[in-house]
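J.: Here you go, one structure.
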């Protein structure tokens, strides 16, 4: 029988306070998800432990029976929860497990060194103290069998009322009813010399029972359920009279270590299965207080959870009868070692025996993947016990490409603490298969309909979510022990992609994912003061194109047990339950009944020895009863209940004892006094299923239909109740009296009723839509109804843009979205209306066989294409209205095509490399050319540029006439227009007209060829003979600056001649340019335009026109003035030349004219000197030649006047007038040859310094040349002026530059007129001649000088 007062398991042979010590986690099945048991959980309850499945051992079966802590166990799938290691009791209702066979021994009672004087209560025999110890003065011991009075309260601290806490036994105090992890444990009566099962763990918290300090429980990182211990202090070990020592050699143990396959699937999984450690330990009497023994376990074993507040603790071993601590525990986590230190209990008692019954766990930290022959071992004292197991982790949950796995990995709970209810963590593996997922989303939800008392919660205020990306190829720990240092924290990337819902859920949007992710959910518990809360959390992964996949985790409770010897007093108790099926036997699903009074009498004396009231769960417990016969009576039954039959079946622990029964206490608790009661009400209902084969009979593979409405009516047709079928298709009307009822089933949408009453099994056939049910002293669960899905079909297909208007769907043609499509029946009634999606698809669903009419609305701006083109009805157009027939299958052939009634205009701009005006195959397009479209009124409609292939296109054009203008690309010239007969290949020029008439016009082309580029330049040379012609021996002048200007006078280029005197300007278009040569320092411009263009000098500035060819005729020459004359005068003359230099004066030529005079010729004076050498004859005549110099001066007429004698000479010298031509003056040089006097004249040359002045004033010299030499001397003084003139006055002496040429397109130089004289030197020479002639006249004839005009 089950005692629901303390959730303890009571047998006729004894009692175990399993409510105190044992809670278990079960593998829950939630919906279609496989909820793997994560890690263990304990909600702040005393010394409770959590494990995956509760252990059962046949050898301990008779000793104790434990009951689960889960008060709401009837709301969970107990088939999944209660999977024991050996047997499963069908009558277990709340995670009940049988443990151990305990044999009763009447001998070897404990011998106490000091007897304890009781104050009140019944007397109980106890053992005497060890023989070598003196008795206490208060002892009444007479011998080993001396009786001693011990009060019930001393023997067992709590009474019945004190056991209101699940775990803790406290004094009667309402404020102590809540769970407190630091209160004392319930004591048990176990013989010290005959403990076989030791099914209870008694934890000494060394604290006053009134201290409230709820335990914080934390789960390990591993998914394996691990032992959890409540918060407590290690019991202080009193110093012994002798030095403490290791007494492993004085400890003997009988130990079993068994791998428990909780779900019996022959697969050992750390997350679900566990190890059962049971040991009976005998302590040698030589052991003293302070001595210790050890329990060592392998690194593959996890003894308890990693609660940071409990890490150092493990349960002490106590005497369950009096609560005394036998040994205190200390855990060395680094070395997997538990050290138990004995208290003075071993000094006062002999033959101490202890029992350990632990569920310990496989450490997934050291077993990261599936592995065979994993060894587990535990060494108690000096005895090692081993076992092995093949570890096989479950695969991830996979559906198509979606995959997921999860586990609880940590939890801390504070039951009853509103401010800090605790927290828990769940680790989720997302896409561990590393598939490529589209629109992947993870939903985490702390809810499941089967677990309404779930205390998990998820919301943005209390939940923290971390997301880690797993490297490709990385192997995740199957035990969910995650090393985040090896992963990439991507939490920040997803903060804005986490959405919290109102139903304790969060959705993480991963988008497109092709790697695995680890999601760690850290959140707080909801506040609870429940003694049996549950935690369930689901995780669901969805992605586009794949079925979603779910997993989840649920937590329950268990506890490990240890115990030692105690006083022999016992308990009576068990359970009052509602026997819903009235069979007198406790069964799963039947609930306890509270507030029933239970009274116990000594059957021999009829004395009342105890009384209790059943708790809400129906349990009760009456403690402190010695061996004897007792009468148990139940009273105060709830109104309307009747007593179920008693003594049904062969199991006295599960049957009903009736209202009064006599039971016996004999050496152990008797937990068999139960009472079953029931309400005389009945149920009616059964099942609604999908009859897939339509045979009217429920077959094994046919499933229920959920959500079907079922109505219950009385015989008169009045509606009594309405229910809907559950997820399995079940329905039930409860609390019904005997009578006739009418049941009506509503046909679920999309289904058709199956055939009725097929076959002879009324529990398997279908009763149809309406049936009658009779209740007559029993439930009627035979009313079923079957349905099969009404066949439905789809009709639809595609609306597309038929760009080529051929009425057929081509692969490049796209759908048209938003087109309205209407479905009508044969009578023209509208059934459905839809619109095409973004791809042009549409579909009408849920249609039955029949003929339908489909109408397409022509989209705006489109025209229907031709209908029925081709033979493939799947790709042709059915027009805007068509008929579709459905006959036992979908019809996906109804299409409609449309096109836009607009056209395109354009074609091509190409580089016409051969300039023939026709597109040739090897000629390519020109990109980036601007093309403008105008209407007939010259209004710009559109502008485009040609693409990389030279193509252009104007789209969406109506019929009409258009003007197209092409902009000439930079560096190109339009080619010839309309060459050839092919309008698609020729060039339409820069402007053309295009006509659109119901078709595209793609014939408007324009060709261009690259505009030719030309070069300009030639040569600057040293004209050593000053003839203005390039001779083969004359060399180029380097570094002469040459500047190029465009027609606007803007500088477009500057260069310098190279070492050969060459220069060049490249990349020039046809056009007008100006070339300016910068005169080199110290050089004089040579004469220009003396010969053909490519050999002559063109002067300092040249205008040139380039037309379709290069021009390499632009040359210029310079020479260096000769300064070899002894006469400084010639220098002064050369000064005048230097003046002319600035304008590249041809004066130098005129100077060369006066070869007769060595004076003014700066360059050819040396010639005049040589001339003077050649002439020895009539100087006077030759002087007249010097007059002829005046001829070189255009003033020569006046000179000839001054020379009456030599007029004829001067006339002949008039040839020297040609000196003004600057070339013919060389003839006058020969004149000077006749002037051999010029030696003496050369003196006069020094006088003729005045000539240098006369340079500045070519006619002042004509004034009385013979005025006097002194005058001319003064002139020579003024010569110094001419010296200054040489550089600064050149402009004054030559107002127009001596040589400025303009070239026509043949580059022929034209002379420009001068306002001054080009032959200053020649004038000077003439002046000298005139002066000498005048002087001669004065001396010989006394004549005045002639005035030159």
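Positions of Cβ are set from backbone N, Cα and C atoms, glycine also.
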J.: Which one of these stretches, 23-34, 35-46, shows up in Swiss-Prot as motif 'YSIRK-G/S signaling motif'?
T.: 23-34
J.: May I ask you to indicate which of 909-929, 930-950, 951-971, 972-992 is given in Swiss-Prot as region 'Disordered'?
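T.: Feature region 'Disordered' in Swiss-Prot: residues 972-992.
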J.: Match it up for me: which of 1302-1306, 1307-1311, 1312-1316, 1317-1321 does Swiss-Prot list as motif 'LPXTG sorting signal'?
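T.: Per Swiss-Prot, the stretch marked motif 'LPXTG sorting signal' is 1312-1316.
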J.: Quick one: sort out which of 828-855, 856-883, 996-1023 is the region 'Disordered' according to Swiss-Prot.
T.: 856-883
J.: By Cβ distance under 8 Å, which residues at least 6 away from the ends of the region 'Disordered' (972-992) in the same chain are close to it?
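T.: Same-chain contacts beyond the ends: 907, 911-912, 915-919, 926, 963-966, 1002-1011.
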J.: What counts of helix, strand and coil residues does DSSP assign across the compositional bias 'Acidic residues' (1091-1101)?
T.: 0 helix, 2 strand, 9 coil
